[in-house]
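A.B. asks: Annotated domain 'DUF3447' per TrEMBL: 162-219, in sequence order. Summarising the annotation, TrEMBL assigns repeat 'ANK' to 344-376, 443-475, 542-574, 575-607, 641-673, 674-706, 707-739, 740-772, 773-805, 806-838, 872-904, 971-1003 (among others).
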Amino acid sequence: MSSDYSKQYADFIGALEKLFHIKSNEPIENMCSIITNTLISKYQLSIKQLTKLIHEAIRYNYGSGANYVKILEQIGADLTRVSDYHFETEGSIKFIVMHDQIDKFKEYLTQNSISGDIFLEIPNFRNNPYDMDYFAELSLIEACAYFGSVNIFYFLTSNHISEITENCLCSAIIGGNQDIINECLKKHKMDIDCLRSIIRTHNHKLLEYVLDNEIFELDDLYGEDWKWEKEENWMYDASYKPVYEDIIRYQNLNAVFLLFKRNKYYIFPWGAAFPQTIDIFKNNTFSNKHNHTKYGIIYFASKAQNSNIGRLLLESYNQIIIDNNEGDDECISHGANINEKDKHGKTALHYAAIKNSKETAELLISHGANINEKDNNGKTALHFAAKYNSKETAELLISHGVNIDEKYNYGETALHIAAEHNSTETAEFLILHGININEKDEYGQTALHFAAIKNSKETAELLISHGANINEKGEYGKTALHFAAESNRKETAEVLISHGANINEKDNDGQTALHFAAEYNSTETAEFLISHGINVNEIDYDGQTALHAAAINNSKETAELLISHGININEKDNDGQTALHIVVIKNSTETAELLISHGANIDEKYNYGEAALHFAAKYNRKETAEVLISHGANINEKDNDGQTALHFAAKYNRKKTAEFLILHSANINEKDNDGQTALHFAAKYNSKETAELLILHGANINEKDNDGQTALHFAAKYNRKETAEFLILHGANINEKDNDGNTALHIAVENNLKEKADLLISHGANIDEKYNYGEAALHFAAKYNRKETAEVLISHGANINEKDNDGQTALHFAAKYNSTETAEFLILHSANINEKDNDGQTALHFAAKYNRKETAEFLILHGANINEKDNDGNTALHIAVENNLKEKADLLISHGANINEKDDYGQTALHIAVNKNYKEISELLISHGANINEKDNDGQTALHFAAKYNRKETAEFLILHGANINEKDKKVKTALHIAAENNFKEIADLLISHGANINEKNKHGKTALHAAAINNSKETAELLISHGANINENDNYL
């Protein structure tokens, strides 16, 4: 039966076999005749279908590519995809291999050193073979297999120049040379790609061979189908596609019949894609359990526009498909589900609309096809009818109640799509049936916008004539005229303006159509807009004119047009940029020449003072810099910060531009407002190559900025090791100091740059060099807790006990700034733990003063004298109490600090606590045994202090803990005398209430009442009298 079918359609099968195997030297007239008479006239293949097949043939028969182009031309096909396609000319290695010119190949070998790993490009037949722009690279031996060049193939293998690769077999099948195929089969087995190549190249004999020998299983025909369910990326590997799709795509009808001969179910249901299989489906029944695809039989018939098979299937369904007692529902779902969808979500009705197959569409609708069914993008059949201008199908759909205003995922109606594809007839039909002409998609665009974008002039006219809002704005405020200008759609722009479009309408950014025409170099449209009166100097909300827009995209022709029509060439935008600034940034040398030649101010400055030359340097636009300087740009022009173009080149390491500037007399030592030269910038921004260039051209390597810092200071500060090393090797003064006395080493240590410090020291940096206040680098390491850097310094001999101007060592700094790790390191490396500064303070004093608990504890544990006094006699405890550091005081006491130790004024820590009114610390001191009645050099106890400084709560606490309330100082004053002198009534009342002798006299015989009277302490005097003070008591002077 199969042979009968093959004979019946032998002309079709033979025509495609011949098409795919045409020889390069074969006349094309016979082939063209077969195509015209057989494929076009008899079998109704469209030019579009034939064009696709010929494109595929080129991939598999590249050597005959020139013939295929001629055939396309003869049948009137679109040559766009092959117009720029270049086939090999005689003499090239590819041509030699292609035509198996063994002698020339040997000659080529004698003149060129090549090996088997040379690669030749051919149109890609692997993976994703659906675009002429994709190419595959074949090794030399694979190319021989592909072209069937048996002589060169044997030469390569016999001389061991190339090994037969896995890809050789697939290539050999394409080439069709049986000898090469046999050689490859000795090394490798056929895989699924080989089967694909056999089918795609219409190699019928080989296909029959692999089927007879059962080399592949049925699963190989369908087996990859399941992968579609997991494939999320549309850039899929084509090897995932089921093999039957190749049979359909390449119209290999003979493969259909060969498979049918072996098992009729092999072609079910996809065989319905071939109109020649109608007799098979008419005369056979099929069971749905043998459907190994994801789709039903109606899907395949409708997609291929086989209306005869479709009608047969729908009208004679029960005779064609039996359900095997599995139930009608099962049968329908796996057999002829009329709304079955493919991987794109398209139903048979979608494909009928795409093909404008009204008859098929009508058949499908009559059998219950869902007229409003959407694909994965939300498109109905009406959307596709609009896209492909399938007017008749659109009419049918509308007549059967399709939702005319239905939107797909991006909010577009069928009218949007008709406008986009200039489907004027369908658009008109949609409008006449009431579609909303001004409907917007989710971007706010109407059908008129789409017509403008795609230059659908006729559709645009139609839309306007039916009331489309010509000035309607879409997303970002663009009108149709903006879109027309952007896409250089002059014809559509003419239509819009002639129908009253506002020529100066602005979008949300304030841009007119002229801005868009300029930006996209739509010169013709720009000229048309200007001729119709658009404001050529209109600025957008950024202050930019159309000339700025032209500059952004290097639209030279449009820029020239704008200038010729009087646009202000020096107009500045809101940032102060002119068009010249922009073209320099974009490195548009020709446009820069154009602007300058028409009067652009070459030294015009940006808001921050940068001229065009600054931008050229910043963005490394050497060619544009040359243009600017050749036209007189001031090479030493400064911006607002005093920086020249050379500073910019140094900052951004633009070596070539810097060299160009220097060669054109840029002042190499020019300083900016901070006194920094280009070399400072190169060091700061690690522009090593530019730094080298500057030094080689005489830059002052030790030049100082306003802070007295050299380039080496900058290299140290910003950790530019390579630049620092280069500066040192070229004579930078390694011990140079800035205005604060910092050397590069100080800065490196401050920033914890261990490697940089090591580098500087290794090149002779004075390790004990002092800062203006006498700090050496080690002080900095201690201050900023740079332990690792401190290790480097000490390992190179830094004096660990070196003092600054205040007599402080690094250990003092570590204690002061709580650099615990560095303090530990210093102590462990023999730093004098009890070393005193000029005020007599040790590191422990500092730890106490600045509340550095951990450091203090470490110092004490490593032998710090806890009772060491400073020049004022203060111990660490005095200082801790002075600063109200209770925990620190507690720590010191717990480690044996003398709680009653006195300073030079005879004051203990308790005196200080009371003086400062630190009640909690006072309690702490007393609880640890502080002598509550201890006297200072004036004989005063803590209670005297409480009275003197009006510390009522502390006084009460002292009294409660046993303070002698009538204790006298050297002037024989009690606390009550002092309270009375200062009119501290509450303190006086407290003292009296706790038994103070109210008439006690001082050394002059004066009582507290005398003191109150002398100091006019009225309230206290009243208190004293009320408590029985002798009002008539005489002092020693009466």
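Glycine is treated like the rest: Cβ placed from N, Cα and C.
Nobody curates TrEMBL annotations by hand; they come from automatic prediction.
Because the structure is a prediction, the values reported are computed rather than measured.
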A.B. asks: Mind checking which residues reach the repeat 'ANK' (740-772)? Cβ under 8 Å, same chain, six or more beyond either end.
C.D. replies: 707-710, 712-713, 715-717, 719, 721, 724-725, 728, 734, 778-781, 783-784, 786, 788-789, 792-793, 796-799, 802, 804
A.B. asks: Given a Cβ distance threshold of under 8 angstroms, which distant residues of the chain, six or more beyond its ends, lie next to the repeat 'ANK' (806-838)?
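C.D. replies: For the repeat 'ANK' (806-838), the far contacts come to 773-776, 778-779, 781-787, 790-791, 794, 800, 844, 846-847, 849-850, 852, 854-856, 858-859, 862-865, 868, 870.
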A.B. asks: Same chain, outside the repeat 'ANK' (344-376) by at least 6, Cβ under 8 Å from its Cβ: which residues?
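C.D. replies: Residues 298-299, 301-303, 305, 307, 310-311, 314, 338, 382, 384-385, 387-394, 396-397, 400-403, 406, 408.
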A.B. asks: By DSSP assignment, list the helix, strand and coil residue numbers for the domain 'DUF3447' (162-219), in that order.
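C.D. replies: DSSP classes over the domain 'DUF3447' (162-219) add up to 40 helix, 0 strand, 18 coil.
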A.B. asks: For the repeat 'ANK' (740-772), jot down how many residues DSSP puts in helix, in strand and in coil.
C.D. replies: 16 helix, 0 strand, 17 coil
